[in-house]
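Annotation comment: Swiss-Prot describes 1-21 as signal peptide. Summarising the annotation, Swiss-Prot assigns N-linked glycosylation site to Asn72, Asn75, Asn210, Asn229, Asn354 and lists sequence analysis as the type of evidence. Marked as Cu cation 1 binding site by Swiss-Prot: His85, His419. Here Swiss-Prot flags His87, His130, His475 as Cu cation 2 binding site, drawing on similarity to another entry. Among the features that Swiss-Prot reports, disulfide bond is placed at Cys106-Cys509, Cys138-Cys226. Per Swiss-Prot, Cu cation 3 binding site is recorded for His132, His421, His473.
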Amino acid sequence: MSRFQSLLAFVVASLAAVAHAAIGPTADLTISNAEVSPDGFARQAVVVNNVTPGPLVAGNKGDRFQLNVIDNLTNHTMLKSTSIHWHGFFQKGTNWADGPAFVNQCPISSGHSFLYDFQVPDQAGTFWYHSHLSTQYCDGLRGPFVVYDPNDPHASLYDVDNDDTVITLADWYHTAAKLGPAFPLGADATLINGLGRSPSTTAADLAVINVTKGKRYRFRLVSLSCDPNHTFSIDGHDLTIIEVDSINSQPLVVDSIQIFAAQRYSFVLNADQDVGNYWIRANPNFGNVGFAGGINSAILRYDGADPVEPTTTQTTPTKPLNEVDLHPLATMAVPGSPVAGGVDTAINMAFNFNGTNFFINGASFVPPTVPVLLQIISGAQNAQDLLPSGSVYSLPSNADIEISFPATAAAPGAPHPFHLHGHAFAVVRSAGSTVYNYDNPIFRDVVSTGTPAAGDNVTIRFRTDNPGPWFLHCHIDFHLEAGFAVVFAEDIPDVASANPVPQAWSDLCPIYDALDVNDQ
């Protein structure tokens, strides 16, 4: 090996290592453009501190996070502005730091920075962060976020839980989102921990996750997906789920997990098999499916095993995850009374699509020029006064809310995973089930709304205890871009007093509004 080759190998190894060094709770996140080739195909991307996925942001329950986002973007085709959502955090009192562009803030302009400053008093678990401006996260601005609980009630179930036990899944495209089709027909590659192969790049490196025989690992599985859901499994190993979207759950043993865009699961893996190499599989629900040539795959490698690709084979799952089998570890009261519609406010979400745009109850979400939060702070007090017209729903304070999402062939691309900002919700009716569980359903923040073929009518409940405008949207980013969203303006009279905004937040809009369109 020449000196140049060894230097190159060192640089590549260093870059790979950077992705594993956690930052936080106080950190700079520098957003820029760079050429990357995570699956062996080189393209320009949006990177965080020079890597995609971005570095793990980590802290402890009770921490104050001060995350300074520095916008050094230069490539207009992937947008030069940005805005970052810290997915799964309630942001109580800091609605201005939630991140969705034109709902909670104006974007950060290139050449500027913005400090997201928020408290995490009572949440712990697995989260993530991503651009919430147009389809920018599909081009690379996404990464994992973990809040550790020093008093984790599941601590006795595992031996190892660290930077190296985070597993990210991402769909990767060889064409920038704005230069490709509005609705791609599948990703070119699935990246596991930032590495993968496409059918045309089957020599690319795969991620290797190392374990020591006899140890129990808490793996934190994070879907950074823009579109497909993935069926995740590890040959020869069961997975014991203990956390769902940052909610501790009763341990549930499964052998495969269908994980939808933006969902998270912690599972315990007992490294009790023969020393060797085992395939880790994440099969997308459409596009380049299967595992030929090592696509949609990574490697679980026991210490002492040869550094070779696995020869293990996949067995048909006998214990696939079924959402109705998930239950919170601690008792969590379901809002409302235990009957259909037994709430203060029940809203049905009727989906539609016209070939280019998605609609909810007849309205397609078009980002307003003035963020909804700013509209409210500026004096708008009624849903009918808030823009975009037809897409903002006023919710009273301290009320029990029920939302139903009947699956319909009128909204293609199902199953649509829906995410509610500012809350976790009880899933009282899950996809694939006709049963309503008001006793001990799982709480989470992203739910599959199922399929029309199954006759699904997924139903969730939450309580309005967090004043502010909160986005509810399909987390298939291409569908959100096509208007598949509404805003819940929660407790409008108290929004301004509950969420005092910093001057830097107020400065975002005039700076952004002065930009030429090519600099946005």
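Quick reminder: no glycine exception, Cβ is built from N, Cα and C everywhere.
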- [ ] Let me know the most crowded of the disulfide-bonded residues, choosing from Cys106, Cys138, Cys226, Cys509 and counting other Cβ atoms within 10 Å.
- [x] Cys138
- [ ] Based on Cα distances to Cys509 (disulfide bond), point out the closest of the recorded positions Asn75, His132, Cys138, Cys226, His473.
- [x] His132
Task: Between His132 (Cu cation 3 binding site) and Asn75 (N-linked glycosylation site): CA-CA distance (Å) - done: 17
Open item on the list: Test of understanding: give the count of other CB atoms lying within 10 angstroms of the CB of Asn75 (N-linked glycosylation site).
Closed with: 16
Open item on the list: Could you check which of the recorded positions Asn72, Asn229, Asn354, His475 is the closest Cα neighbour of His132 (Cu cation 3 binding site)?
Closed with: His475
Open item on the list: Can you give me the same-chain residues 6 or more apart in sequence from His85 (Cu cation 1 binding site) with a CB-CB distance under 8 Å?
Closed with: Asp98, Gly99, Pro100, Tyr129, His130, Ser131, His132, His421
Open item on the list: Among all protein chains shown, how many Cβ atoms are found within 10 Å of the Cβ of His87 (Cu cation 2 binding site), not counting that one?
Closed with: 26
TODO: Would you list, in sequence order, the recorded positions among Asn72, His87, Cys106, Asn210, Asn354, His419 whose CA lies within 10 Å of the CA of His473 (Cu cation 3 binding site)?
DONE: His419
Task: Length of the line joining the Cα atoms of Asn229 (N-linked glycosylation site) and His475 (Cu cation 2 binding site), in Å - done: 11
Open item on the list: Can you tell me which of the recorded positions Cys138, His419, His475 is spatially closest to Asn354 (N-linked glycosylation site)? Compare CA atoms only.
Closed with: His475
Task: For His130 (Cu cation 2 binding site): DSSP state (helix, strand, coil) - done: strand
Task: Nearest of the recorded positions (Asn72, Cys106, Cys226) to His475 (Cu cation 2 binding site), judged by Cα-Cα distance - done: Cys226
Task: Candidate recorded positions Asn72, Asn210, Cys226, His419, pick with smallest Cα gap to His87 (Cu cation 2 binding site) - done: His419
Open item on the list: For the Cu cation 2 site (His87, His130, His475), what does the 8 A shell look like? I mean other same-chain residues with CB within 8 A of the CB centroid.
Closed with: His85, Trp128, Tyr129, His132, Tyr137, Arg142, Leu224, Ala261, Ala262, His419, Val446
Task: DSSP state at Cys138 (disulfide bond), helix/strand/coil - done: helix
- [ ] Rounded to the nearest Å, what's the C-alpha distance separating Cys138 (disulfide bond) and Cys106 (disulfide bond)? Just drop the number here, would you?
- [x] 20
